[in-house]
Number of protein chains: 2
Amino acid sequence: MRLAVIGAGAVGRSVVELAGEYGHEVVAVADSSSAVVADGGGTASTGVDPDAVVARKAERGIVGDDDPDDALAADYDVLVEATPTTLDDAEPGFSHVTRALERDRHAVLANKGPVAERFGDLRAAVADSDGEIRFEATVGGAIPAVSTVEDIEPGHVTAVRGVLNGTANFILTRMAAEGLDYDHVLAEAQDLGVAEADPSFDVDGTDAALKCVILANVLSFGAADDPADAREFTLADADVEGIRDVPGSALRLAAEDGRTVRLIGEATGDTVRVAPRLVPENGTLAVSGTQNIVQIETSHAGRLNISGRGAGGPETASAVLGDVGRLE
Amino acid sequence: MRLAVIGAGAVGRSVVELAGEYGHEVVAVADSSSAVVADGGGTASTGVDPDAVVARKAERGIVGDDDPDDALAADYDVLVEATPTTLDDAEPGFSHVTRALERDRHAVLANKGPVAERFGDLRAAVADSDGEIRFEATVGGAIPAVSTVEDIEPGHVTAVRGVLNGTANFILTRMAAEGLDYDHVLAEAQDLGVAEADPSFDVDGTDAALKCVILANVLSFGAADDPADAREFTLADADVEGIRDVPGSALRLAAEDGRTVRLIGEATGDTVRVAPRLVPENGTLAVSGTQNIVQIETSHAGRLNISGRGAGGPETASAVLGDVGRLE
């Protein structure tokens, strides 16, 4: 498949670098101010040069001399939406996707915004298009959460819960392991690049909540006999509490009882909740460091647990490219 | 889809009972000596009556008054092969599958025999047919092992390992928990119905080995540029050691070092091994009781762990019906 990669952050760059290994070629790349579009022209290899694009971005801060709109207008099969997550109207990501669908192309999202905040609008755009959307990369990085729920069939899934944010999990793991307070461990996480300079998206639970909202939409619309009746979720529907107020003493107290604290998100077809919770210290949900885990409760097959790397350029890119493969 | 279910043991009966919930209808069921075939006839509901079939099997030991061959000859979309696993020529299961493919129908297997022992012959039969085969239910029960490897793409999977036999795992878990010897715990497992009267298939590692052989075939053929060059695995290629010789003392010694013993199977594109191994007692591979875990090592996304119920009628049936859904 020919890919137009919109967004040249860690995920976008990894998709550009790995696409060839999955048998796909990148025909266009855009960041917020520039683009590079391969000119085709009948040669065997019509894609962009991945290494050159990534190097140019590193050295000059741009991907090419074209305009971002040239990438959106290019001749591609699948648009990869990897621009930063935005809330509410989820722009510009939402319009990147609808433009692809209006051209009867497919879109694969790593950007959570459109899927969490405008799921109904996306479905409407897909209904009017020959193209499809997929969004495995929006939940759980390398963990195949969305496709596993789809295969079990949402009507047979009663709940999905888990540790869905590696930054918050790393902080809690370190607080427990070292007996340190939140502020101290946050500084360590920022030094390591595990937490951002402004960490609120992660530590306030917003990132985990968006992922749970996406899962709730998948369950809700997937289980509905008539999608017109399905409840649509947005971030506003989520009950969210982050980890800023978890004191070191809470973790010490928990440890005395063989427990620890993890930021757990849960989605059903009716509710979305994110909050710190006590879990058994050696139990399944107590994944360590930046690991994620998704726990799927099913009607006929008991509970499935899937753990792995929840974030990272190559990890998320592998989820994107897995989705492209499913579109073929 | 219309299903012909061949095999009326725990898995076959569960497929018959659950098919309706997944939107499919059962048009024929066969056991080793009998069959029931719905007569169609233009009515809206043309399937067999699932409850009646299951009750008849329980009361009279047969599923109907037809001949098993009538089920194989029926008008169905997907044949479900759920007869007992047999080795070497993998008959009669192998011929049930090839007959479906010769009629350009699909086959979904819960029976490991044909997939482990005659993978090359199956591929050849599929190549000559409009039908496809799927076999998620042959490895890890409810755990989506095969489909997850397929989605990541076998060329990007370097190894698959795990705890793949619930009977052996239950015995080792109880030996460690209670400090009891193998013979004592085996008797307990048999009383609970977790181990069979002849437990050798499970405790000698054969069952786990067959599952690893299947995974090795998936990796080997999936990664090959030319399937004609791919190495085909059978049970004879597996290096297998069971749990009969694990003494209680080994588990006690392991525990002093924070470890325990689990029967671990591992498949790569080149090797298949099953043996008892020391693992960290609170680590990912140390699943308890009859749980299974599949650990997938990937090229770009690190390690994925999937744990859940490895066996059982409804669990395995959900894997079968998930496969049917993927064929639509």
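Placement of Cβ uses the backbone N, Cα and C atoms for every residue, glycine included.
Straight from TrEMBL, the features:
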- B:Lys211: active site, proton donor (ACT_SITE)
- B:Gly7, B:Ala8, B:Gly9, B:Ala10, B:Val11, B:Gly12: NADP(+) binding site (BINDING)
- B:Lys112: NADPH binding site (BINDING)
- B:Glu196: L-homoserine binding site (BINDING)
- B:146-324: domain 'Homoserine dehydrogenase catalytic' (DOMAIN)
- B:308-328: region 'Disordered' (REGION)
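All protein chains shown were included, and the count of other CB atoms within 10 Å of the CB of B:Val11 (NADP(+) binding site) stands at 27. Each residue contributes its Cα atom, and for B:Val11 (NADP(+) binding site) and B:Lys112 (NADPH binding site) those atoms are 13 Å apart. For B:Gly9 (NADP(+) binding site), other Cβ atoms within 10 Å of its Cβ number 15. Take the mean position of the Cβ atoms of B:Gly7, B:Ala8, B:Gly9, B:Ala10, B:Val11, B:Gly12, the recorded NADP(+) site; other residues of that chain with a Cβ within 8 Å of it are B:Val5, B:Arg13, B:Ser14, B:Val15, B:Asp31, B:Ala82, B:Thr83, B:Ala110, B:Gly313. Highest Cβ count within 10 Å among the binding-site residues B:Gly7, B:Gly12: B:Gly12.
Residue counts for the region 'Disordered' (B:308-328) under DSSP (helix as H, G, I; strand as E, B; rest coil) come to 15 helix, 2 strand, 4 coil.
If you take the Cα of B:Gly7 (NADP(+) binding site) and the Cα of the residue listed as 'L-homoserine binding site', they are about 19 angstrom apart, rounded to a whole number. Its own atom aside, the Cβ of the residue listed as 'L-homoserine binding site' has 13 Cβ atoms within 10 angstroms in the protein chains shown. Confidence in the domain 'Homoserine dehydrogenase catalytic' (B:146-324), given as mean pLDDT, stands at 94. The least crowded of the recorded positions B:Lys112, B:Lys211, judged by other CB atoms within 10 A of its own CB, is B:Lys112.
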